[in-house]
Amino acid sequence: MILLLDAGNTRLKWAWLAEGPARHTVHASPHHDLTALEQACRITPPRRVLGASVTSSERNSAIMAAVGRPVEWLVPAASCAGVTNAYRDPDRLGADRWAQMIGAHHEQPGDQVLVSAGTALTIDCLDREGRFWGGTIAPGLGLLRHSLAEGTARLGLPDGSWQEYPDNSADAIFSGCLNALTAPIEAQVARFGSQLGRPVRLTLAGGDAPLLAQHLAIDGTIVDNLVLSGLAHLARMSC
C-alpha cells in the first residue's frame with residue numbers, strides 16, 4: 001500500500017491511499033508521539049511513502065524511522081499535475097501549499113482563492129487553467145494572539161470571543177486577531193476576481209477554517225485534507 005504524509009508545523013496527518021474514488025481515512029499524530037503510525041506500518045508495511053513537510057529535518061527523520069522506509073518528500077516544481085508554479089524559485093514554495101493547490105485543482109477545478117488557516121495563514125490564487133498566480137503568508141490566529149501576549153506587558157492571553165464592538169480586552173484581542181485574518185482574505189478574493197474579470201471561488205482548509213467561515217463576509221467552501229488529496233493524485237501519476 002501507499003502511505004501519504006502531511007507533516008505540518010504542529011502535527012502529522014497520514015492516510016493510506018484509497019483505491020478508486022474512495023476517500024482515504026485520515027489519522028493525526030503529534031510529532032512527539034508517532035506510536036500509532038509506527039504500529040500501523042508494522043502491521044502493513046508500505047511499499048511507497050509520499051509526504052509533504054514544512055517541519056524540521058529532525059522531525060522528518062523521526063517520521064522516516066517510524067514508517068521504516070525512505071519517504072519521497074514532495075519538492076515543488078515549475079509545473080506538475082496540471083498546475084503551474086508562479087514562484088521565481090519554484091522549489092522555495094512550501095510543499096504543503098503546492099500539494100494543496102494540486103489537490104484543489106483536481107478536486108474542484110476553477111478560479112479560486114485557496115486559504116489554509118493553521119499555524120500560518122496562506123492565501124493563494126489559482127485560476128481555472130491551473131496557474132498559480134502567487135500568494136501571501138501571515139501568522140495564523142494562534143500565532144497572532146501569542147505574539148500580542150508576548151509583546152505586551154499586561155494584555156496576556158485571555159479567552160475571548162468575537163464581538164462587533166468588544167467592550168473588554170479578552171474579546172478585543174480575539175476579535176482584532178480574527179478581523180486581521182478575514183480582511184485580507186476578502187480583499188484577495190475581490191482583487192483576484194477583478195484581475196480575471198470573472199467571479200472566483202473561496203476555498204478554505206486548515207484547523208481554523210470553520211471559524212473563519214463563520215466570520216467572513218463572503219461565502220467559502222471548506223475542503224478537508226487538501227494536502228493529502230494532492231499527494232494522492234501525485235501517487236497515481238508521475239511528474
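Note that Cβ sites are derived from N, Cα and C of the backbone, with glycine treated the same way.
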Message: Among Thr84, Thr119, Thr122, which residue shares the ATP site with Asp6, Ala7, Gly8, Asn9, Thr10, Arg11, Leu12, Lys13 according to Swiss-Prot?
response: Thr119
From binding-site residues Gly8, Thr10, Leu12, Thr119, the one whose Cα lies nearest Gly94 (substrate binding site): Gly8
Statement: Comparing local Cβ density (other Cβ atoms within 10 Å) for the binding-site residues Thr10, Thr119, Ser169 points to Thr119
Message: Quick check: of the recorded positions listed here (Tyr87, Ala95, Asp96, Arg97, Ser169), which one has the Cα closest to that of Leu12 (ATP binding site)?
response: Asp96
Message: Between C-alpha atoms, which of these recorded positions comes nearest to Thr10 (ATP binding site): Tyr87, Ala95, Asp96, Arg97, Ser169?
response: Asp96
Statement: In whole Å, the longest Cα-Cα distance within the recorded ATP binders Asp6, Ala7, Gly8, Asn9, Thr10, Arg11, Leu12, Lys13, Thr119 is 14
